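Some notes on the structure that comes next.
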Amino acid sequence: MAGEKALVEICKGVNGLDKVVLREVRGSSAEVYLYGGHVTSWKNDHGEELLFVSNKAIFKPPKAIRGGIPICFPQFGSHGNLEQHGFARNRFWSIDTDPAFPTASPNKAFIDLVLKPSEEDLKIWPHSFEFRLRVTLGIGGDLMLTSRVRNTDGKPFSFTFAYHTYFSVSDISEVRVEGLETLDYFDNLKGKERFTEQGDAITFESEVDKIYLGTPTKIAILDHEKKRTFVLRKDGLPDAVVWNPWDKKAKSMADFGDDEYKHMLCVEAAAVEKAITLKPGEEWKGRLELSAVPSSYRSGQLDPQRVLQG
């Protein structure tokens with residue numbers, strides 16, 4: 001088609017940082033910054049932004065970008081001795097010109113990135129690794145992230161991990177999460193104490209910071225006002241983190257607007273409770289697939305179990 005834009009384009013983003021734009025022929029798109037290997041945009045074929053990025057996000061190293069899909073590696077949160085959420089999200093990644101897995105996807109826009117530790121990284125986390133990330137925009141506009149971490153060291157190492165996904169929502173009080181009912185979770189607001197979720201879908205009326213354990217491979221986030229359901233599918237990531245800072249914490253964050261908590265929700269595919277251990281030469285794979293589907297939640301037509309099982 002004349003004038004059709006390239007499926008993959010490398011260009012400059014905010015503050016001159018390099019970014020990759022992925023486009024799908026029907027109009028959906030995604031953007032990935034090499035800084036952090038960080039997905040900062042995912043739009044549907046109507047051009048609607050599906051991820052939340054703060055208007056106050058600081059696109060300037062060494063600060064991580066507030067929003068989108070930060071990569072938490074080799075440590076999630078404060079579960080270890082490193083800086084909060086590890087260092088992968090504030091390092092410059094490279095485009096992987098020799099990806100270790102097949103590239104024959106003519107109808108999909110994708111980019112392969114790679115992160116290897118610098119000498120400075122090895123001082124704070126003394127383990128050699130190769131982290132390969134493929135970001136794919138599927139034919140229907142689905143967004144897929146596949147992470148492969150290989151131990152290139154002579155000794156084993158362990159890590160925790162999360163795709164810290166910020167979803168854009170119309171109004172947090174009109175959102176519910178299906179698929180985590182009756183599960184155990186650690187409540188980070190109560191000293192990481194362990195509780196069991198009650199039987200109902202999760203709704204939001206105050207700050208939440210929970211790590212759900214042994215979660216299903218599919219979770220649904222229902223946005224009542226937008227009549228939209230996000231479906232999160234995951235593989236190799238047994239846990240799910242649910243986070244919203246609410247008003248007080250929002251005011252304390254320099255790179256987050258005071259009222260922005262109303263329009264975002266983090267639901268994160270993660271491996272936190274049990275660290276992943278790799279022997280020399282071993283590889284771990286963790287996959288996230290996001291889709292956005294219209295829902296008739298307002299009229300009660302949507303059966304969440306059908307979404308979760310289908």
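Cβ from N, Cα, C; glycine included.
The number of other Cβ atoms within 10 Å of the Cβ belonging to His164 (active site), over all protein chains shown, comes to 23. Taken from TrEMBL, the feature active site applies to His164 (among others).
Sequence-distant neighbours of Glu268 (active site) (same chain, six or more apart, CB under 8 Å from its CB) are Cys72, Ala162, Tyr163, His164, Thr165, Ala240, Val241, Val242, Trp243, listed in sequence order. What TrEMBL records for Glu268 (among others) is active site.
Annotation source TrEMBL lists substrate binding site at Arg66, Gln84, Arg89. Around the Cβ of Arg66 (substrate binding site), a 10 Å sphere holds 22 further Cβ atoms from the protein chains shown. Under the three-state DSSP scheme, Arg66 (substrate binding site) falls in the coil class.
Arg89 (substrate binding site) is surrounded by 22 other CB atoms, counting those within 10 A of its CB over all protein chains shown. Those residues of the chain, other than Arg66, Gln84, Arg89, with a C-beta within 8 angstroms of the mean position of the substrate site C-beta atoms are Lys63, Ala64, Ile65, Pro70, Cys72, His85, Asn90, His164.
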